[in-house]
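Residues or ranges marked as active site by Swiss-Prot on the basis of sequence analysis: 129. The substrate binding site annotation in Swiss-Prot covers 76, 77, 78, 114, 115.
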């Protein structure tokens, strides 16, 4: 782990990291988030009886779109040409929650961690948005990077 912030320059100002001289490598990141809800809300999603339609399909598309828009949301992120974005949603009735996982890939000069985290986060937010009429006290939690590959810092896995 580095003890320097790469997005802070010598003057202490935020800046976008210059990746011009970095090598193009295969890069991949996986992230997850959870959204906890009442059993009845989760059952409504799982049974497909939600009045707004297929909650998981909508959240999946929202997560994919969010990964592609990460540089518009996070000021110092580079715009990336993603080659793969995958968002999976898993109902976990035993915990009364949904687990969201994301995978982002590309061949490029900078990593895709923020894209993976954004995909998982926005998918969770979309579930909240679609279900808030039924339940307002849902909890989004444990958003984290699970794994990253490629680049100078190498492989990281939780």
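Cβ atoms here come from the backbone N, Cα and C positions, even for glycine.
All chains included, 20 other C-beta atoms sit within 10 angstroms of the C-beta of residue 77 (substrate binding site).
Residues 76, 77, 78, 114, 115 are listed as the substrate binders, and the farthest two of them sit 12 Å apart at their Cα atoms.
For the pair residue 114 (substrate binding site) and the residue listed as 'active site', the Cα-Cα distance reads 22 Å. Same-chain residues with CB within 8 A of the center of the 76, 77, 78, 114, 115 CB atoms, the substrate site residues themselves not counted, are 70, 71, 74, 80, 110. Secondary structure at residue 114 (substrate binding site), as computed by DSSP, is helix. Across the fold, the C-alpha of residue 77 (substrate binding site) and the C-alpha of residue 129 (active site) stand 26 Å from each other. Its own atom aside, the Cβ of residue 78 (substrate binding site) has 15 Cβ atoms within 10 angstroms in the protein chains shown. Cβ-based neighbour count (10 Å, all protein chains) for residue 76 (substrate binding site) stands at 12. Highest Cβ count within 10 Å among the recorded positions 115, 129: 115. Classification of residue 77 (substrate binding site) by DSSP places it in coil, neither helical nor stranded. Counting every protein chain shown, the Cβ of residue 114 (substrate binding site) has 22 other Cβ atoms within 10 Å.
Across the fold, the C-alpha of residue 115 (substrate binding site) and the C-alpha of residue 129 (active site) stand 21 Å from each other.
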